[in-house]
C-alpha cells in the first residue's frame, strides 16, 4: 500500500471515529463530555492533516510490510468467532480441543491427510490438557462455561 | 536498623523460606508469561495458601510471586509480541524486533538481568528511603497525577518519531476508546452505541491482548511464515548480555530503576507507566534515538528494570502509610491484615522482624530470579521452534482464556477479537498499536484526575493556580515539554553535525 493511500485511510478513519463518538455523546452533560470532546476535535484535526497529506504527498511505498494471505488470515478470524460461539454450547475445553485440532490441521504445512490430522489431534489434546491443568486444577481460574460443560 | 537487616537476612535464607521464594518465583514467572493473567491475579490466587504459614513466610512467597509475574510478562512480550502483563508493553518495542532478528536469547537474558537489577534498586529504596518517599507520595494530588500521565503520553512523540501524526492519532484513539463505559465523574453511561454490556467499559487487558496478540496471530498465519523467528540456542548469550549491560547500560539501568521506584510509590501509577516513561527517557538521552524500536538491548533494559523497580516502590506507601501503591500491594495488605498485622509506620517497630525479613527477602528473591529465570528461559525460548500453525492457534486459545479471566465476561472476548482486527488493519495503514495501548491504559487516569482538578479549580476559583503553580506539576510540565522537543532538537543538532562533517570532507 502506498503511504498516500495509508494516510488517506488513516485520516478518514480517525474523522469517522471522532464523528461517531461525537454523535453518540451529543446528549451528555458538559462534565461528562469535555474530555472526549477535546479528543474528538483533536482527532478531526489530525485526520484532516492526514487526508491533506494523503492527497498531496509523494507516492512512496511501505517497505517493511509483509504480504498477507488474507484467505488464511480471515480463516483464523472466522474460525475464532465460530470457536467463541461454540464455547457457549460445548464449553471451553471441548471447543478448544476441536478448534486447536482442526485449525492447526488446516493451516499445517504437512498437508491435509490423516497422519497430519493425527498430529494435530495430539497437539490439540496436549494443549487442552495443559490449559485444563493450569487454569482449572492449579490456578482455579474460571473458564468460559457452555450449556453442556 | 542494621541489626534488624542482618536478622532479616538470616530469616530470609532459612531453607523453607528459600523454597517458598523459588516456588513463588516459578509460579509468578509462569503466570506473568500467560497473557491475561496479571501479577494481581497471581498474588490473589496464592493468598489463601499463605493462611497456613507464618506471616513472614507467607509474605516472602507473595513477594516472590509479585516479582516473578512482573518479570514473566516480558517473556511473552519478547517471544510472541504479547505483553504478558500491562507492565511489559514497552518491552515489546525492542524485545520483539530482537526476537525476529534471531536474538531471542539476548532479549530474554537482558530482560531477566534488568528485571533483577530494577527489583534490587526498588527494594533498596524501600529499605532506606521509605519514609521520605512516602511523604512525597502524599504530595501527589489530582493535578500532579494529571501531569504525570501527560508526561507518560508525551512518549508517543518519541515513539512515533518517523510518523508523529499517526502516532498522535493512535494515542488519541486509545484515549477515546478508554472513555467508553461509565463516566468517572458523574457515573453516566457513555458511548455504548446501543449495546448495553459496553457500560462496563473497555478493560485494558482484553484490548491489549487483541492489539498485540490476536493481531499478531493474523500476521503470522497470513504471512505464511513457518516459524515465528529463526531460533538457535545461543550458549554464550547470558555472559554476552552481562558484559553489554555492564559496558553500555549502567546509566540506563540506574535511571530506569529510579524512575520505576519513584513511580511505584504513587498510588494508582504502576509498572506500565514507569516502563513507558523509562523507555522514553532512555531513548531521549541516547546519542542515536532512532536505534530504539529496531531491537536493541538498551530498550529492553530500560523497560524491564523500571517495571520491576515499581515493586519496591509500591510497597513503600503500603508498609509506611497503610496505603497500597498498587493492586498487588492492596492484596498483600489484605494478607497482612488477615494475620492481624496492621501496616503503617509502626510496623517497623512493632513487627520489625517481619518487616525487615520481608524487605530483605525481596533482595534475595531478585538474586534467585536470575537463577530460576535462566533455567526457565531455556524452555520458553523453544516455543520459537514450534511451527506457526500450531503456535498461532494456541495463542488464540490463550488469548480467549486471558481475556475472559479478567471479568468472567464473553464480551471481553469479543472486545479482544475486535481489537485484534483494529491492531492488524491499523498497523497496515501505519497506526501505532503501542501508542493506542498507551492511550487505553492512561485514559481513565488522565480523565479522572482532569475532572478532579477542574472541580478543584472551580472551588479554588483559578484554573491556572491548580494546574500550573504546584512545584511537582511544574517539574512534570517542564519534563513533558523537554520530552516532546528533545527528539526534535537532537535530530536538528545531528543534522547540523552531519552537514558540518560533509562540508569539512568537501573542503
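Quick reminder: no glycine exception, Cβ is built from N, Cα and C everywhere.
Database features, via TrEMBL:
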type     : residues  : note
DOMAIN   : B:18-435  : domain 'DUF112'
TRANSMEM : B:18-47   : transmembrane segment
TRANSMEM : B:59-80   : transmembrane segment
TRANSMEM : B:112-133 : transmembrane segment
TRANSMEM : B:145-165 : transmembrane segment
TRANSMEM : B:204-222 : transmembrane segment
TRANSMEM : B:252-279 : transmembrane segment
TRANSMEM : B:315-342 : transmembrane segment
TRANSMEM : B:354-377 : transmembrane segment
TRANSMEM : B:389-406 : transmembrane segment
TRANSMEM : B:413-446 : transmembrane segment
TRANSMEM : B:466-490 : transmembrane segment
So which of B:18-47, B:59-80, B:112-133, B:204-222, B:413-446 is most in touch with the transmembrane segment (B:315-342), counting Cβ pairs under 8 Å?
B:18-47
Which stretch, B:18-47, B:59-80, B:204-222, B:252-279, B:389-406, tops the Cβ pairs under 8 Å count with the transmembrane segment (B:413-446)?
B:204-222
Counting CB pairs under 8 Å, which listed stretch among B:59-80, B:252-279, B:354-377 touches the transmembrane segment (B:112-133) the most?
B:354-377
With CB pairs under 8 Å as the measure, which of the listed stretches B:18-47, B:252-279, B:354-377, B:389-406 comes out on top against the transmembrane segment (B:204-222)?
B:389-406
Candidates B:18-47, B:59-80, B:252-279; stretch with most C-beta pairs under 8 Å toward the transmembrane segment (B:389-406):
B:18-47
